[in-house]
Amino acid sequence: MATGGRRGAAAAPLLVAVAALLLGAAGHLYPGEVCPGMDIRNNLTRLHELENCSVIEGHLQILLMFKTRPEDFRDLSFPKLIMITDYLLLFRVYGLESLKDLFPNLTVIRGSRLFFNYALVIFEMVHLKELGLYNLMNITRGSVRIEKNNELCYLATIDWSRILDSVEDNYIVLNKDDNEECGDICPGTAKGKTNCPATVINGQFVERCWTHSHCQKVCPTICKSHGCTAEGLCCHSECLGNCSQPDDPTKCVACRNFYLDGRCVETCPPPYYHFQDWRCVNFSFCQDLHHKCKNSRRQGCHQYVIHNNKCIPECPSGYTMNSSNLLCTPCLGPCPKVCHLLEGEKTIDSVTSAQELRGCTVINGSLIINIRGGNNLAAELEANLGLIEEISGYLKIRRSYALVSLSFFRKLRLIRGETLEIGNYSFYALDNQNLRQLWDWSKHNLTITQGKLFFHYNPKLCLSEIHKMEEVSGTKGRQERNDIALKTNGDQASCENELLKFSYIRTSFDKILLRWEPYWPPDFRDLLGFMLFYKEAPYQNVTEFDGQDACGSNSWTVVDIDPPLRSNDPKSQNHPGWLMRGLKPWTQYAIFVKTLVTFSDERRTYGAKSDIIYVQTDATNPSVPLDPISVSNSSSQIILKWKPPSDPNGNITHYLVFWERQAEDSELFELDYCLKGLKLPSRTWSPPFESEDSQKHNQSEYEDSAGECCSCPKTDSQILKELEESSFRKTFEDYLHNVVFVPRKTSSGTGAEDPRPSRKRRSLGDVGNVTVAVPTVAAFPNTSSTSVPTSPEEHRPFEKVVNKESLVISGLRHFTGYRIELQACNQDTPEERCSVAAYVSARTMPEAKADDIVGPVTHEIFENNVVHLMWQEPKEPNGLIVLYEVSYRRYGDEELHLCVSRKHFALERGCRLRGLSPGNYSVRIRATSLAGNGSWTEPTYFYVTDYLDVPSNIAKIIIGPLIFVFLFSVVIGSIYLFLRKRQPDGPLGPLYASSNPEYLSASDVFPCSVYVPDEWEVSREKITLLRELGQGSFGMVYEGNARDIIKGEAETRVAVKTVNESASLRERIEFLNEASVMKGFTCHHVVRLLGVVSKGQPTLVVMELMAHGDLKSYLRSLRPEAENNPGRPPPTLQEMIQMAAEIADGMAYLNAKKFVHRDLAARNCMVAHDFTVKIGDFGMTRDIYETDYYRKGGKGLLPVRWMAPESLKDGVFTTSSDMWSFGVVLWEITSLAEQPYQGLSNEQVLKFVMDGGYLDQPDNCPERVTDLMRMCWQFNPKMRPTFLEIVNLLKDDLHPSFPEVSFFHSEENKAPESEELEMEFEDMENVPLDRSSHCQREEAGGRDGGSSLGFKRSYEEHIPYTHMNGGKKNGRILTLPRSNPS
């Protein structure tokens, strides 16, 4: 912080002088002064220096004002400021709420020098509510970083692409705008007007503004960055930002290239030079800057030079300055970097001060080293001072307690001594308590031209080291008697050393045992012990003082060793020694030992020290091979790849690979996979290599032992992205804090977790190759509890020695699992020198025809039309055969399928077909193994004779049915009479009912009554057909006119549904049945029935005309690339909310009418002329969108992509299952009617949803709609909301007309009476939803095998769904006949 302040203070006088020179040249283009860069902090005092500034030549930093309040800024405004040449930084300025008054005319930020790649930084401005830089038109270089501003809004309304050339590197996060809490209102919006220009970003066509009162200025595209006038006319090509007149370079607000004498120019003509990348100056201007800096000798100023037609602060790399003309000339060889020291000397008292001399080769002045502490000093000093080759003055080392050696001056070769310390000293060393070495004189050469040496009070620096320096530096004989103190230098060091020799060395893989010769000083009591030093040394170039300083930084490991017991007999004297433990295998260590002795009375210190020796530990077992990956490229081969061990612990010579075939689980033989609901087992072979990390499985979640969903570790890409994001933020903050004050310590955290949810499934499939490290075993244990019996030869392990990191294993059985063991070895013979094993499982690919049935299919025909089919099993299938599929058909009929389990096949040696009708049959069979289906056999033909041909059966055939018909008639008549008495006909007469007639086929309707015309009947003459609209379920749908069909309207546009002329009676009844269902519906958000024409042919049903067709087609037409796009943009959030509420209101009405839709989808919703969405007429769309349906087994078509899990699994349809479908409709609205679960087949969707899956969030989906979807897709039906609750959630954001027409706000929407809730189940009315006669109801209720499809509806619909902790009480049970294929 202090450093930055000093630099700014030093540079200010020079730049103020520059500003004065430019005042006359500024002209009208810049109305004020050119000011130097400013750092304004702590208070507002210096802010007034901006008052007359038009250009800030440098940066503007406003920061660290914690006591300012909003009223302090109200009278502050600097309208003259137009351009900042570097960057603008605002950081922790309290009370500042907007910049609109502070810098109302700031137009350009050039970004010549950036703040961490950013030209505009707004960081931790706690009170800033808006930027307000409404005249900012151009940021020439750099990006924008706006972060951690808790009150900052109006960010989404700024189109940064109009200000910057590229917005990809912008970083705008963690502001109030991120939380969607901002109510950004552009000028005119509150009054319903559009005053500001609108642009498209990320598909959003939005107005652009800086504040509620200032629009963002958007120039025509052809103007590019030149700007435009207030009328929108383009400025001159040399302008930047704005201008007052078009096509005039003297009327620009700022210049695109350079400014010269009141006009903008492309380049500076001679004799002018480019200065600061924006203006032109002459030679005298640049020369004045050079001389003023040189003469002032102030820190932080620059001695400007001329290079490439530019006036720049210093010569670039590879050039040096010619002092006569200030020109930069190329260097001959390496360029010296001369650093001129202010006041002739510089004191290095910290790493920070040393950094200021980084890169210097010549010091023009004297250096004083006075370092008393610090971290990692030796390395830091070498990095910053290691290139210094020459010092013109003197070198003084004073009270530097942290220094052990001067070897960090690794290139210092000359001390000139042009300036000497008092007493004529050019090298001065005083009171350095830990200095032990000057330089390694065997490798270093130093010359001192003038001056003497001074050494006093360096207690650990031996005199021999000083005398060696005298000889090398050429100063011997210059010193006087008292210049080198004999008593205070080296008085605490072992300077008269003897050489210790090692007598015994023994190694193992993690230990080294050392012994050395005994040593005793003249007084043996002076020996305190030995010090053993060792460290890893890949190369034999280590010196004793490498990396050492006196503050604890030491690259050596030091061990203190007590002296041995002294013996009077030298021959029996024990040799001291030490066992070094915990070493790394196969690693070279540098080792030396020296004595630790006391200070002697004779001022002489004795001691001994060994030379540095190098010892390597032995090899041992390597660590496990890394990342083994297996793939199968054929049915008989597996490719194995791996990486070398992380710790080879020796030279890896080879790898051992073992593999063994794994038996399939015999339990698979015992199960009957033809049973409904039993999942077919499957196995997959090892997939091809995708990357080196393909063995890692990046599932989003897994199930634990209790079957509960657990979060999985994040994928490598997620972790890498989070680490990069965290590192990026930390690096920026460190950079910011380094510039602003002091660098903070790096946090030990791993970074913030991503709060966004990353998973969409509640369950997980099987996992593929998994690698684990286990101890080596001689034979592989069998992992299956029970196995298919196979010969021991097939399962014997195989072994192979490999000399590289890959292997192709051949000769394997097709589609068979193998377990592979991999060991790394670093020696040829002993087995114990190999690593523990890494295991990987793999499976070969299936054989193409291995599952084909061998030989012909034979048959045998028995009585009662039973046929026994027989065939042979595949000889060598892919894994196991789990079932057989038999496909047979009678000539002229549909093909039928029969599943035969393996257990059943083993008993029958085939299967039996029973109850066959007479005729010619063909049959095909295929086997299903763990790998999938085999091929069908060739068809086999047989003939079943007519059962009537047997005379003895004629009587049974005739008499039996007669008895059955008689009994059946009696039962039906009794039931009919009973129900007739208990329940009179409804007001609409007999009724065929269906909860969704689309899935009730004609075969389910017993036609014992006909349609009876009523008040809905319309005369055929009143209907006029105009044009075809499309094909419906029963026939064509037309647009037409109807006269007098609605009271008060002479003629009404309607939709007319017809039935095909070839339709059967049952189809016509079903057609009218649909119309009858619609008669009971009178809701604005449900398509209305207007009338029926049942007299004559064809039958017509007249409906309300929905001008924009079905919702699915309408949404697709809104896609930008759609050919039939009506010119409307995609729906906004407000329009999505309106659609959702209208659909929910219609469904709430149907629910109140005890109607379960069962096929709610966008295709079944219709769009009216005023864009109101209504629930469709339940019959127009299934044939049109037939691909949206799926036939499951022998059932009718099912819309599986819209169905709830309980409907798919158990056939249960309730209002809760309709709510699930409503969530899918919301998904269709936000995705513009994409197909749900795109890329999955219907069978995959079926399994995915039943297993707990649901749809991903569409791109750019509003968070509010996403929340609604998730509410609808609760796996537990009881936890889903009701449609009334949905409308209640959205009611405050709907069109004002909604309450006038909605069911939600109507009198009809009332809670049921309390006595109705007390009904017992026996007393409840069984209400089928198909309008049918009573006889049809009775038959449906008593039909054999007619499994009913039940659903519940709660009367407690006004209780929020989040409180439904138990089952729904007092529910009404309604039974329906199961739908059959239509």
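Cβ coordinates are placed from backbone N, Cα and C, and glycine is handled just like the others.
Copied from Swiss-Prot, the annotated features are:
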type: SITE; residues: PHE66; note: site 'Insulin-binding'
type: DISULFID; residues: CYS153-CYS182; note: disulfide bond
type: DISULFID; residues: CYS196-CYS215; note: disulfide bond
type: DISULFID; residues: CYS219-CYS228; note: disulfide bond
type: DISULFID; residues: CYS223-CYS234; note: disulfide bond
type: DISULFID; residues: CYS235-CYS243; note: disulfide bond
type: DISULFID; residues: CYS239-CYS252; note: disulfide bond
type: DISULFID; residues: CYS293-CYS301; note: disulfide bond
type: DISULFID; residues: CYS315-CYS328; note: disulfide bond
type: DISULFID; residues: CYS331-CYS335; note: disulfide bond
type: DISULFID; residues: CYS462-CYS495; note: disulfide bond
type: DISULFID; residues: CYS674-CYS899; note: disulfide bond
type: REGION; residues: 686-708; note: region 'Disordered'
type: REGION; residues: 746-766; note: region 'Disordered'
type: DISULFID; residues: CYS825-CYS834; note: disulfide bond
type: DOMAIN; residues: 853-947; note: domain 'Fibronectin type-III 3'
type: TRANSMEM; residues: 957-979; note: transmembrane segment
type: TOPO_DOM; residues: 980-1382; note: topological domain 'Cytoplasmic'
type: BINDING; residues: SER1033, LYS1057, GLU1104, LEU1105, MET1106, ALA1107, HIS1108, GLY1109, ASP1110, ARG1163, ASN1164, ASP1177; note: ATP binding site
type: REGION; residues: 1360-1382; note: region 'Disordered'
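The structure, with features from Swiss-Prot marked on it.
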| residue | record | DSSP (3 states) |
| --- | --- | --- |
| PHE66 | site 'Insulin-binding' | coil |
| CYS219 | disulfide bond | coil |
| CYS243 | disulfide bond | strand |
| CYS293 | disulfide bond | helix |
| CYS315 | disulfide bond | coil |
| CYS328 | disulfide bond | strand |
| CYS495 | disulfide bond | coil |
| CYS674 | disulfide bond | coil |
| CYS899 | disulfide bond | strand |
Which residues does CYS196 (disulfide bond) neighbour through Cβ under 8 Å, counting only same-chain ones at least six apart?
CYS186, PRO187, GLY188, GLU207, ARG208, CYS209, CYS215, GLN216
Looking only at C-alpha atoms, tell me how far CYS243 (disulfide bond) is from CYS252 (disulfide bond), rounded to the nearest Å.
4
Report the member of CYS215, CYS301, CYS331 (the disulfide-bonded residues) whose C-beta atom has the most other C-beta atoms within 10 angstroms.
CYS301
Among the disulfide-bonded residues CYS235, CYS243, CYS462, which residue has the largest number of other Cβ atoms within 10 Å of its own Cβ?
CYS235
Pick out which of the disulfide-bonded residues CYS315, CYS899 has the most other Cβ atoms within 10 Å of its own Cβ.
CYS315
Among the disulfide-bonded residues CYS234, CYS239, CYS252, CYS335, CYS495, which residue has the largest number of other Cβ atoms within 10 Å of its own Cβ?
CYS239
Given CYS495 (disulfide bond) and ASN1164 (ATP binding site), what distance in Å do their CA atoms have, once rounded to a whole number?
100
Consider the recorded positions CYS315, CYS328, GLU1104, ASP1110 and say which one has the Cα lying nearest the Cα of CYS899 (disulfide bond).
ASP1110
Below 8 Å Cβ to Cβ and six or more residues apart, same chain only. Which residues does that give for HIS1108 (ATP binding site)?
TYR1114, MET1166, VAL1167, ALA1168, HIS1169, PHE1171
Using a 10 Å radius around its CB, how many other CB atoms surround ASN1164 (ATP binding site)?
28
Whole-number Å value for how far GLU1104 (ATP binding site) lies from CYS235 (disulfide bond) (Cα to Cα):
58
Under 8 Å Cβ-Cβ from CYS223 (disulfide bond), six or more apart in the same chain: what's there?
CYS234, CYS235
Once near-sequence residues are set aside, which residues in the chain of CYS153 (disulfide bond), 6 or more away, have Cβ atoms under 8 Å from its Cβ?
LYS129, GLU130, ASN175, LYS176, ASP177, CYS182, GLY183, ASP184
Cα separation, CYS674 (disulfide bond) to CYS834 (disulfide bond) (Å, whole number):
50
Pairwise CA distance, CYS315 (disulfide bond) versus ASP1110 (ATP binding site), rounded so that it is a whole Å:
73
Using C-alpha positions only, work out which of the binding-site residues GLU1104, MET1106, ASP1110, ASN1164 is nearest to CYS331 (disulfide bond).
ASP1110
Return only the integer: C-alpha distance in Å from CYS228 (disulfide bond) to MET1106 (ATP binding site).
48
Out of GLU1104, MET1106, ASN1164, the binding-site residues in the record, which is closest to CYS674 (disulfide bond) when you go by Cα distance?
ASN1164
Rounded Cα-Cα span from CYS252 (disulfide bond) to ASP1110 (ATP binding site), Å:
56
For the recorded positions CYS182, MET1106, which one has its C-beta crowded by the most other C-beta atoms within 10 angstroms?
MET1106
Between GLU1104 (ATP binding site) and CYS462 (disulfide bond), what is the CA-CA distance rounded to a whole number of Å?
110
